[in-house]
Amino acid sequence: MASEKVLIITKDNFENEVIKSDKPVLVDFWASWCGPCMTIGPIIDSLADEYEGKVKVCKVNVDNEGELTRKYRVMSIPTILVFKNGEVADKVVGSRSKSEFQDVIEKNI
């Protein structure tokens, strides 16, 4: 079950929730049919709990949000983008361990 702390991002709320955020934002581009996406889902949820107040954690369903997926050139999933000050500061493509995601977050907060 997804953490309540993970925001669902659409093209309608992307600007306010991600670009204008006053803290770093981890955005998970995923799809329900993607095995590796489902594998890291619980990790993403736990990161949202662990970094609450320091990092905003969001998800973009690539099947529903093709415009965002194309804009940020997401070619394979899962793709994790970290936004800082409205810009992409880091990118991780593929499944990773929790500690690898923590390293990416730590270097961006």
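Backbone N, Cα and C atoms are what each Cβ position is placed from, and that goes for glycine too.
From a predicted model like this one, the values you see are computed outputs, not experimental measurements.
So that you can see what the record holds, here are the features copied from TrEMBL:
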ACT_SITE  Cys34  active site, nucleophile
ACT_SITE  Cys37  active site, nucleophile
DISULFID  Cys34-Cys37  disulfide bond
DOMAIN    1-109  domain 'Thioredoxin'
SITE      Asp28  site 'Deprotonates C-terminal active site Cys'
SITE      Gly35  site 'Contributes to redox potential value'
SITE      Pro36  site 'Contributes to redox potential value'
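It is 14 Å from the Cα atom of Asp28 (site 'Deprotonates C-terminal active site Cys') to that of Gly35 (site 'Contributes to redox potential value').
Across the domain 'Thioredoxin' (1-109), the prediction's mean pLDDT works out to 95.
The secondary structure of Asp28 (site 'Deprotonates C-terminal active site Cys'), as reduced to three states from DSSP, is extended strand. Helix first, then strand, then coil: DSSP counts for the domain 'Thioredoxin' (1-109) stand at 37 helix, 28 strand, 44 coil. In the structure as shown, the Cβ atom of Pro36 (site 'Contributes to redox potential value') sits within 10 Å of 14 other Cβ atoms. Cβ crowding, taken as the number of other Cβ atoms within 10 Å, peaks at Cys37 among the active-site residues Cys34, Cys37.
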